[in-house]
2 protein chains.
Amino acid sequence: MVNAGAMSGSGNLMDFLDEPFPDVGTYEDFHTIDWLREKSRDTDRHRKITSKSKESLWEFIKSLLDAWSGWVVMLLIGLLAGTLAGVIDLAVDWMTDLKEGVCLSAFWYSHEQCCWTSNETTFEDRDKCPLWQKWSELLVNRSEGASAYILNYLMYILWALLFAFLAVSLVRVFAPYACGSGIPEIKTILSGFIIRGYLGKWTLLIKTVTLVLVVSSGLSLGKEGPLVHVACCCGNFFSSLFSKYSKNEGKRREVLSAAAAAGVSVAFGAPIGGVLFSLEEVSYYFPLKTLWRSFFAALVAAFTLRSINPFGNSRLVLFYVEYHTPWYMAELFPFILLGVFGGLWGTLFIRCNIAWCRRRKTTRLGKYPVLEVIVVTAITAIIAYPNPYTRQSTSELISELFNDCGALESSQLCDYINDPNMTRPVDDIPDRPAGVGVYTAMWQLALALIFKIVVTIFTFGMKIPSGLFIPSMAVGAMAGRMVGIGVEQLAYHHHDWIIFRNWCRPGADCVTPGLYAMVGAAACLGGVTRMTVSLVVIMFELTGGLEYIVPLMAAAVTSKWVADAFGKEGIYEAHIHLNGYPFLDVKDEFTHRTLATDVMRPRRGEPPLSVLTQDSMTVEDVETLIKETDYNGFPVVVSRDSERLIGFAQRRELILAIKNARQRQEGIVSNSIMYFTEEPPELPANSPHPLKLRRILNLSPFTVTDHTPMETVVDIFRKLGLRQCLVTRSGRLLGIITKKDVLRHMAQMANQDPESIMFN
Amino acid sequence: MVNAGAMSGSGNLMDFLDEPFPDVGTYEDFHTIDWLREKSRDTDRHRKITSKSKESLWEFIKSLLDAWSGWVVMLLIGLLAGTLAGVIDLAVDWMTDLKEGVCLSAFWYSHEQCCWTSNETTFEDRDKCPLWQKWSELLVNRSEGASAYILNYLMYILWALLFAFLAVSLVRVFAPYACGSGIPEIKTILSGFIIRGYLGKWTLLIKTVTLVLVVSSGLSLGKEGPLVHVACCCGNFFSSLFSKYSKNEGKRREVLSAAAAAGVSVAFGAPIGGVLFSLEEVSYYFPLKTLWRSFFAALVAAFTLRSINPFGNSRLVLFYVEYHTPWYMAELFPFILLGVFGGLWGTLFIRCNIAWCRRRKTTRLGKYPVLEVIVVTAITAIIAYPNPYTRQSTSELISELFNDCGALESSQLCDYINDPNMTRPVDDIPDRPAGVGVYTAMWQLALALIFKIVVTIFTFGMKIPSGLFIPSMAVGAMAGRMVGIGVEQLAYHHHDWIIFRNWCRPGADCVTPGLYAMVGAAACLGGVTRMTVSLVVIMFELTGGLEYIVPLMAAAVTSKWVADAFGKEGIYEAHIHLNGYPFLDVKDEFTHRTLATDVMRPRRGEPPLSVLTQDSMTVEDVETLIKETDYNGFPVVVSRDSERLIGFAQRRELILAIKNARQRQEGIVSNSIMYFTEEPPELPANSPHPLKLRRILNLSPFTVTDHTPMETVVDIFRKLGLRQCLVTRSGRLLGIITKKDVLRHMAQMANQDPESIMFN
C-alpha cells in the first residue's frame, strides 16, 4: 500500500513514478484488491479535488460534477438496466410464441400482441384469433389432427434447437464469460477479486442476446439471475466513463453493488427487495451511502421497465396476485410442510447439480459444451411439448399457479363443479368440489414437477446464460398448488372435521390454492439460494400486502433450517467453491482455535521469509529475489539479524522503480545499494550511487502478533479487506498471512482439500 | 483482551481467576466495550457448548435451547413491544379525549369508543352522540355560549397541566433516564458504550406511563422516538434472561438493534421500514443474522399491535391513505420546493433546539425542569385550544391532512363548491373551486404551522419523554397541504396555462393536496433526522404502493441535500455531541491527512507512557503505578531499554490478580517480581517467590505503525470496534491511541473544542 500521507509528504525525487506508468496501482487479472488502499487512494483524490475547487470557478464546477457523478451513474444504470429488461421481456415473448406459430399481420408480433389487434379479446378466444397461425395451419393448412400435432411438435423442437445452438455458439465464440447465472462470480468480484472482461461490453451484449435465445428455447432456466449480471455489466460500463470509479476498484464495486440491486429490481419488479438482495446475498462492502444510491438505481430501473410496459398490464411486478381470502392458523401446518419440501429440494438440487458440474469439469463431458446443450434442449423439448404445463413458458406457468380461480377463469386448474343453487358475485367464489379438469391438471402437474426437478439439475451450469430463480419457483409453485388443491378438497369433503369446522363451512371461502403455490415457490427459492429477508420482501412486494407475510416467512424459515441441516452452502457459495474462487464469506463463522502462528508462512521446515533489508541490499540482489520468487510484495526489515519490521514493498512497484531508475537516474548500476530509510546509508567512498526507494515503501503494513487467534485474523481480513498481513512477535517479523492462506486454512479446518479451493 | 487461545492453552495456575470474581470481563459504567473481545468470548462459549453437546442428551438439548434462544428473545420482544404500543395507543386516545369531556356510559371510553355504542355512527354525527359529554355539559349543563367555551378551555388547560406535572415528577423521582427520545443514547449504547440503567426495568415502566401522560397533555411531541427506547428496554429485559446475551455486551447489542426495529415497526406499522431504520439510523454492528431476526421481531410486534387493534380499523399503519389520482411530472417542482422547505426546517430546528438545550445545560434554567415543563405546557395549551388544528392531537391532524377529500368528508379542508351540473360516483371527485371553509382552514393552518415550529423547538429536550417524528411530520404536512391547495386552485382557475393544459382540464382529476401533505411530512422528517432509505420505505409502507415513491424520494433527497449544505449533523448526532457521548459515527468521512503519530499519547513533552516490563517489576511497583494512574490498561514490553511490545494487561484484571495472589498464593509479598513470560526469570537465591501473570496478558494487542494515516486508524476503530490501539515504529512501542483520543482528534480536525465533546 502506498502510504497516502508519506507519498505527498516526502520529496519529489520519485514524482515521475506517478505519471508515466498509469498502471501503477492497478491490479493484475485474478488478483485480490486491497480495500484499505483503494479507500485511501479515493480519500486522496477527494482531498485533491476539494483543495483545488477553491482555486477557480471551473475547478469548483468540476468538483461539483465529481460529487454528482455517483448519482448520474446510478441514473444511467437504472435507465439502461430497465430498458434491457424490457427489451428482453418483449423479445422472449415473441420468440417463445414463434415456436408455436406466427402472426400474419406482422411476424414480429407475439401471440398476445397479434390478437390484441383482432376483435376477440377475452381469454377464452385467445386461441381462436384468426391472425395467429400455428405452423401446421401455415404450412399444411391443418389445425387439427395427428399430422398437425406432429408437425407443430417438430417445429417446436426445431426452433428450440435452433435457439439453443445459436446461444451456445455465440457464447463460445464471443464471450465465454456470458454463461451461467453470473451471481457466484459477481459475489467474488464484489468481495475484491479481479476477473477481467467478466463485466465487459462484449459480455453485456452477448449475454443479453443469448439470454433471449435460451429462455425462448424452452430450457428449464430463468432470466432473473443473468439479469443481475447484465445490470452489473451496465454498471461496469458506466463506471468506466467516470474516472472516480474507473480508476478505483473499491469505488467501482460500490457501483456494482447498486447495479445488482437494479438487476433484481427489474427481474421481479421489486426495488426494495432488490436492494436487500444486493445487501444480503451479493455485496461485500456496502456502506450506507451505497444503500441509498442502490435504492435510487433500483427505482429508476423499475420505472423505466414500467414505462416500456412489456407485460402490457401497467404492472411493475412479474407475478401480480390478489387474494381475497384470509389464511387460518391451521394452514400453517401445510405451509411448514412446504417449507420442509423446499429445504429438501434445495439440498437435493445443490448436491446433484454440484456433482454433475464437477463431472463436467473433470471428465470428457466438458469438452463438448455445444453437444451437451443440444442434447439437453432436445430432451427438454421432446418431453415438454406434450404436457401443457411444461410447454408454456415457465413464468406463465408460475403466473397461472399463483392465480386464484375467479369465475371467468378458463384454466383447467379452475375446473370446479358449480353449485347451481348458489348465486354469488363473480369474485367471491366458495370452495367447490373439483371437476375432471382439476384431476387431469393434478397428474399433469405431478409429471411436470418430476420433469422440472430432473431437468433443472442438468441445465444449470451449462455453457449458456441460465438462472435458477424461475425453475426453483416453478418447482415450489407446482408442489404448492397440488398441496393447496389437496387441502382445499379435504376441507370441502370433510368440513365436519374438527380442524376445518370453524373456518370451512360449506359455501364459505376457505382455502386459496394459489397462496399455497406462492408459499411453495418462496420455500423452494429459499432452499436453493438461502435468501431470507430479501426473499420475504420480494414476495411481499409481489403480493403488496402484509396479510400473507406470516405464511411466507414460516415457509422461508423452515426451508432455510431444513436445508442448512444438510449443508450450510447455498447454490452460489457451492459454485464459488466448485470454481475455487478466493471468496471470504462474511456469513461463515470461523470458530476454530488456531492461532496466526499456525497459518503464517514460512511454515516449520520451509525456507525463511523473503525480505528486503532497509539499507544493505544491492539492486542486483533485489532483482534476483524478484526473479526467483513470485510473491506480490516483500516485507522490509532493519537488518537480517534484528528482523524488526519497517514496512512493505509491492512487487509491481519495486520492478517499476528499478526499471525507471536504471533508465533515468544516473549512476544506478547493479551494485548500487537500495535504501528505504530517509537518509542514505554511509557507504565506502568508491561505491556506486545508492537508490532511494522510500517512496514505494508502505510504512503502515498491517501486523498481528503470532498469538492472535485466527478468528480475529479472519475478522480483520473480512472487515478491512486486506490482501496480506504480517505476523510479528515482540516486534520481530516472523511471517506473512495472505488472503489465500486464510482461505486455505479455513478449508482445511472444514475438512476440505485446501488445494482444491484455489482458483483453477 | 484476554487472548482466548492463550487462556485455554496455558497452565491452570490461575484458573481460580475465572470463578470467584464473576465480574472479570464486565465493564464499568460509562466505559467503552471491546467488540473483538466480546466476539471472541462468544465464540469461546459457543465452542464449549458444541463440544459439551456431544457428551450427553441433556447437554445436547441445552445446546439446542441455546441456539434457539435468539429467536425466543425476538418473539418475546415483538410480543411485549407490540402490546405496550397497543396499550399506549389506547391510553393516549382515552386521556386526550378526557381533556374535552367524559363518556357517561363508562368513563374509560374514549370519545370514539363511547359513540360506537350509540346509534349515530357516521362521521358527521360524531359530535352529537349523547353519551359523550363535554365538561361544560357535565358541570354546568351548557354546551353552547361563551361561558361553556371558557369552562371547556379551562378544563383543557387544567388536564394538560396535571398530565404534564405528573409526567415530569415521575421522571424526576423514579427514572431520570426516561426523558427525551432516547435515540441518541441508544445509538451511543449500540456503538459500544455502557450506560447502566438506561435500558432498565424502571426506565421501561416510567417511560411507558409518562409517555402516555405527555402525549395526552397536548405538548408538541410524538411517541415514536420514545417507543424505540421502550422497545430497547424490552430487548434489554429479555436479553437479561438468557446468559448468552446477558453476559456478553456484544451479543446484547445485537438484540437491542432488533428491538429498535420492532420499536419503529409498531410506531408506524412499518416492519420493513423499522428494520431499515435500525440498520441505517441506529445500529452500529449489524450482521446479516441480526437483519433476519430484526425482521422477525418487527413482524411479531406489528402483528401483536394489529391484534390489539387500537385504531379500531384493522389497519396496521398509523396513517393509512389511498389516493386515486396519479401525479404529473410538472408537480415535481412543488415537491422539490417542499423538499427545500423540509431541509430549511431541519436546519432551523436543529440549530435553535441545540442552542436552547445548551442554554438549559449551562444556565440556571436547567435547575427548574418541572417549572419549565409546566410553563411550556401551559403556553401550549393556551395557544392550542382556540385553533382546531392544534387542539386535536397531532396524529389526528396529520391523518386529516394526509386524507384525500372524498364526497362524504365533513372536514373544513374539504369545503369545496360543488358543481350542481355534474353527476359522478362519490369517490371520483374532480378539482373544484375552494369554498369559504378551505380559506378559513388555510389561515388556521398557517397559524398552527408557526406555532408548531416555535413550540417544538422548546419542547424537544425537556425532562419528559419526547419524540420529534410526529411534530416534524405535522410541520411538513401543514406546509404541504397549503402548497397542495395552492397548486390545486391555481390549476383550477388557470387551467389554460401551458403547464396545466395537458393534465388539468376542468372536470378531471388533477391535484391531490393530501399527497402534498405526505411529501411535505417526509421532507421535514428527513431534514431533521437525515434518514433516507428508511424514510422512503416507511412512507412506502404507509401508502402501500410504488406509485408515489418518486415524489417522496425527490422530496427526501432534496431535503437531505439542503439540510446537509448547512451542517452535516442530524438531530440525533447533534444531541450526541451536545451530551458528549463517545460516539464514533460510521457515516462521517475522515479525510484529513494526519498520521497516527500526531494523535497518539504521550505527546511531545508529556511524561513517557506507563508500561509494565515482562519480568523486572515488583508487585509494589505495579501497585504504585495502578494507584498513580487511571488508565484502563498497560502495555507490557520486554524491557524499558528495548521497548519491544509483547502484550497488553487490563487494569481490572491486574488489580484482581494481585489481590487474589496476595490472599491465596503463598510467598507473594510486595517485593515479589511479577513476570509475564512463560518461564520465571532467574532471580537471586533469597528473593521472594515470583508472581506469574501470563494468564491475564493479552498476547495479541492491536498495533499500528506511527506512519499509519489517521483515516485508516479511524476505519480500524470503527470496523473492529476497538477500545485502544498501540502505536509502534520498527517493533518499538511509541504510544497508545484510545477511542477517546480518536474522537478528540476528529473534533479538533472539525474545528470543535475537543474537550467539549467528552462525556460530561
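Here the Cβ of each residue, glycine as well, is placed from N, Cα and C on the backbone.
Where the annotation comes from TrEMBL, it is an automatic prediction and has not been curated.
The annotation transmembrane segment is assigned in TrEMBL to A:68-92, A:153-175, A:195-215, A:227-243, A:255-279, A:332-356, A:368-385, A:441-461, A:468-487, A:515-540. The domain 'CBS' feature in TrEMBL is assigned to A:600-666, A:697-755.
Counting residues of the domain 'CBS' (A:600-666) by DSSP class, helix then strand then coil, yields 24 helix, 17 strand, 26 coil. Distant neighbours of the transmembrane segment (A:227-243): 69, 72-73, 76-77, 80-81, 84-85, 88, 181-183, 185-186, 199-201, 203-204, 207-208, 211, 251-252, 255-256, 258-260, 262-264, 266-267, 282, 301, 465, 467; these residues of the same chain sit at least 6 beyond its ends, with a Cβ under 8 Å from one of its Cβ atoms.
Sequence-distant residue pairs (6 or more apart) of the transmembrane segment (A:195-215) and the transmembrane segment (A:68-92) include at least 3 whose Cβ atoms are under 8 Å, placing the two stretches in contact. Contact check: the transmembrane segment (A:68-92) against the transmembrane segment (A:441-461) gives fewer than three Cβ pairs closer than 8 Å, residues 6 or more apart, which falls short of the contact criterion.
Counting same-chain residues at least six beyond the ends of the transmembrane segment (A:255-279), those with a Cβ under 8 angstroms from any Cβ of the stretch are 70, 73-74, 77-78, 81-82, 85, 186, 189-190, 199, 223-224, 227-232, 234-236, 238-239, 245, 285-286, 290-291, 293-302, 304-306, 315-318, 469, 531, 533-534, 537-538, 540-542. Among residues of the same chain six or more beyond the transmembrane segment (A:332-356), those with a C-beta under 8 A of the stretch's C-beta atoms are 453, 456-458, 460-461, 468, 472, 475-476, 479-480, 483-484, 487, 516, 519-520, 522-530, 550-551, 554-567, 569-571, 574-575, 578. When Cβ-Cβ distances below 8 Å are used as the criterion, the transmembrane segment (A:153-175) is approached by residues 95, 98-100, 135-136, 200, 202-203, 205-207, 209-210, 213-214, 216-219, 369-370, 373-374, 377-378, 380-382, 385-386, 391, 462-465 of the same chain, each at least six residues removed from its ends. Secondary structure by DSSP for the domain 'CBS' (A:697-755): 24 helix, 19 strand, 16 coil. Per-residue pLDDT, averaged over the domain 'CBS' (A:697-755), rounds to 87.
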